[in-house]
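Presented below is the structure to which this report refers.
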Amino acid sequence: PSSHSYRGLTLVLTFLSYTSYHLSRKPISIVKSQLHPNCSALGPNPHNDSNSTTWCSWAPFDGDNYKELFGALDNAFLVAYAIGMFISGIFGERLPLRYYLSGGMVLSGLFTGLFGLGYFWDIHVLWYFIVVQVCNGLVQTTGWPAVVACVGNWFGKGKRGLIMGIWNSHTSVGNILGSLIAGAWVSSAWGLSFVVPGIIITTVGIICFFFLVEYPEDVDCSPPLHHVMTTSEKDPEAVTSNEGPLSLSGQSSVDHSNSPKEPAEEPEAISFLGALRIPGVVEFSLCLLFAKLVSYTFLYWLPLYIVNVAHFGAKEAGDLSTLFDVGGILGGIFAGLISDYTGGRATTCCVMLVAAAPMLFLYNHVGQNGIGTSIAMLIICGALVNGPYALITTAVSADLGTHESLKGNAKALSTVTAIIDGTGSVGAALGPLLAGLISPTGWNNVFYMLIAADVLACLLLARVVVKEARGWCGVMARQRGY
């Protein structure tokens, strides 16, 4: 097969992989409303107990502190994920990506399924669900550094923003499918809302184990060009390494030493501090912290917000919440396309974040005025909130992981991706936690917190935006000079 076929296969397999990761994360937000439903709406208590208001709830979530317990479940996963992500990238650089990814997916399927089996085993102990969430959070960190590294190994910088913008729709597709699959069983047997996604991610993990190709050199394809350089700037050794697989096809042992994987033979993988020193890594990491805080608050709390404010049922709220992810798909593609065209990754993120703040305010105040308004606002907010998040976690991570300062060391990609996403995951853990603490004081305050996070995310990129603006001014000045 040609290089194009392998690239297509890599995109499809990594897309399916991360779709299944998100598909297995989403059920908890749908099932929450079933673990503590409005029992009075279901009629009289068939058990004739004195506790008539919570007879249909699932203990231990039948008390008045159920929101705090849901927050504890979310944070058990998200804190474990944030901590695990910083370690995961380091492992990802040193282990075969295919084994690392497929092993993580099988374990993710196991722990997702175990949460659902709590229903069939009639488990009512909070610690069981907390421990399963912590274990799932840790093993799910295998996914992101591995899939971004695989895609980064196969695609150069040219159209990376657009390709990764389209490819990154796996996050939203996974959320949508997860919502629909969980919604199918949420009212009848909520355990299946977890067991079925667990089976799906395990199956996809096994497929990846047999068919994923990590590096172009593994199948005698030439690696992509990560930097656009003039001939005089090119390192003669880099030219040799790019031609190596073509002139030495069939000699896999020589292929590996004559490729951008060459630094694996020298300084091994990049250190954590070394990755932090790459220009832009710290700024984009901190920006993602606040962008992901907003995105994950919506991911975990939007169905419950719709139930409380618009008074829809659990399934209708779950279905309606998928429109936020539909907007996320459009936002990711749009952000990638614009940033490729302008060359301004940070500026694209900043403009979308600035636009997101007033849209969040409007959604909270007029978003529930009618089903049409609600649909439109959810799509717009999804696009503006998830666009920068998608761009930073994909194209920006791949750009920084193959930065020219690394002099061709492709072993930095997984570590850089993990640092950026790990910092973002701290925000992902903080968002739902803060929403759980603030929501009793009113949903308005939750939205003010989200708007403040958006503004902070924008401010943290100011230095990189100024640098990009100076670059554009320099280009324009040179053009006028000619």
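Using the three backbone atoms N, Cα and C, a Cβ is placed for every residue, glycine included.
All annotation found in TrEMBL is predicted automatically rather than curated by experts.
Quick caveat, the model's predicted, so the values are computed rather than measured.
Feature annotation (TrEMBL): of 304-321, 322-339, the stretch labelled transmembrane segment is 322-339. Across the domain 'Major facilitator superfamily (MFS) profile' (10-470), the prediction's mean pLDDT works out to 81. Against the transmembrane segment (346-363), stretch 375-400 has more CB pairs under 8 A than any other of 69-92, 167-186, 192-213, 375-400. Between the transmembrane segment (375-400) and the transmembrane segment (167-186), the number of CB pairs under 8 angstroms, six or more residues apart, is three or more, so the stretches are in contact. Between the transmembrane segment (322-339) and the transmembrane segment (69-92), fewer than three CB pairs separated by 6 or more residues in sequence fall under 8 Å, so the two stretches do not touch. In summary, the transmembrane segment (192-213) lies against the transmembrane segment (167-186): three or more C-beta pairs, each 6 or more positions apart in sequence, are under 8 Å.
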